[in-house]
Amino acid sequence: MSKNRKLLMGTVVEAANKGASGSILQKRNPTIVFVLGGPGSGKGTQCANIVQHYGYTHLSAGDLLRAEIKSGSENGTMIQNMIKEGKIVPSEVTIKLLQRAMEESGKDKFLIDGFPRNEENRAAFEKVTGMEPSFVLFFDCPEEEMERRLLSRNQGREDDNIETIRKRFKVFLESSLPVISYYDAKGKVRKIDAARSVEEVFATVKAIFEPKNEKVLLLYYWLLLRCLTFWY
Ligand SMILES: Nc1ncnc2c1ncn2[C@@H]1O[C@H](COP(=O)(O)OP(=O)(O)OP(=O)(O)O)[C@@H](O)[C@H]1O
Ligand SMILES: O=c1ccn([C@@H]2O[C@H](COP(=O)(O)O)[C@@H](O)[C@H]2O)c(=O)[nH]1
Ligand SMILES: [Mg+2]
């Protein structure tokens, strides 16, 4: 086979594989839960609990971006500057990372933490992937509490300083809350009071992930009541 023909074949195979990997993700028809809330509201902490109890795969958009910086990618410096300023990285960059992570995981239940951060993120994700979240967890927490948590997180994050934290709060209010309102209007938001202990917050999260158990319990009580009224 000539060199040019080999190159052409390579390109065709690559294009076919790309198409196939996209459709494999769609064929798997994954369950997607967006996990949103202000900086420091406890998204990552609660996602870790959900993974343990319900077998979801946790994808933190922020973690994927930080890994991209470390990998020495050509986008690294741009991403690092955006994170330092608390700004939102362009959708195409974040969506590519999320898509790749979903495809490579081979799994079909995802917690997407800290994304979408603005309306453009949301619309681009739905357009590019053709997928919508089953529901949205919204960890609602006052700024004073989030600030306290972030300032004592001690994980060496470059954006856990008071200047960047204030910028992140502003971006959350102006750009991310409208995304939550959008899904709220569609009845998809599960709002959780996140200003409580980790255990108390997780108890509420559990009730969201186990609504069927509650229904089974209700049915059980109803049957018991019917039996009792029949006997007496
Ligand atoms: N309910 C809670 N009560 C007290 N501290 C908490 C609670 N939940 C999480 N924390 C602590 O607060 C800090 C921030 O939590 P976490 O990293 O889960 O927040 P996050 O929403 O993922 O933040 P970010 O958006 O910056 O990634 C961590 O140090 C964590 O241990
Ligand atoms: O979808 C996203 C997610 C994150 N970013 C940037 O990363 C930082 C940190 O995100 P965390 O969720 O707190 O880990 C955030 O402030 C943004 O600068 C993003 O641009 N897009
Ligand atoms: Mg986090």
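Placement of Cβ uses the backbone N, Cα and C atoms for every residue, glycine included.
Per TrEMBL, the features are:
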BINDING   G40, S41, G42, K43, G44, T45, R153, R196  ATP binding site
BINDING   R66, K87, I88, V89, G114, F115, P116, R117, R157, R168  ribonucleoside 5'-phosphate binding site
BINDING   N121  CMP binding site
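Overlay of TrEMBL feature records on the structure.
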residue: G40; record: ATP binding site; contacts (Cβ under 8 Å, 6+ apart): C141, E145, M146, E147, R149, L150, R153, I165
residue: S41; record: ATP binding site; contacts (Cβ under 8 Å, 6+ apart): F139, D140, C141, M146, A194
residue: G42; record: ATP binding site; contacts (Cβ under 8 Å, 6+ apart): F139, C141, R149, A194, V198, V201
residue: K43; record: ATP binding site; contacts (Cβ under 8 Å, 6+ apart): V35, L36, G37, S60, D113, G114, F139
residue: T45; record: ATP binding site; contacts (Cβ under 8 Å, 6+ apart): V198
residue: R66; record: ribonucleoside 5'-phosphate binding site; contacts (Cβ under 8 Å, 6+ apart): I83
residue: P116; record: ribonucleoside 5'-phosphate binding site; contacts (Cβ under 8 Å, 6+ apart): F34, R122, F125, V179
residue: N121; record: CMP binding site; contacts (Cβ under 8 Å, 6+ apart): I88, S91, T94, I95, F115, V179
residue: R157; record: ribonucleoside 5'-phosphate binding site; contacts (Cβ under 8 Å, 6+ apart): none
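In this structure, none of the binding-site residues G42, R66, R153, R196 sits close to ligand 2 with a C-beta under 6 angstroms from any of its atoms.
I88 (ribonucleoside 5'-phosphate binding site) counts 19 other C-beta atoms within 10 Å of its own C-beta, drawing on all protein chains shown. Counted within 10 Å of its Cβ, the other Cβ atoms near G44 (ATP binding site) come to 18, all protein chains included. In the three-state DSSP scheme, K43 (ATP binding site) is classed as helix. Residue environment of R153 (ATP binding site) contains 12 other Cβ atoms, counted within 10 Å of its Cβ in all protein chains.
Under 6 Å, Cβ to nearest atom of ligand 1: this is the test, and of the binding-site residues T45, I88, P116, N121 it is passed by T45.
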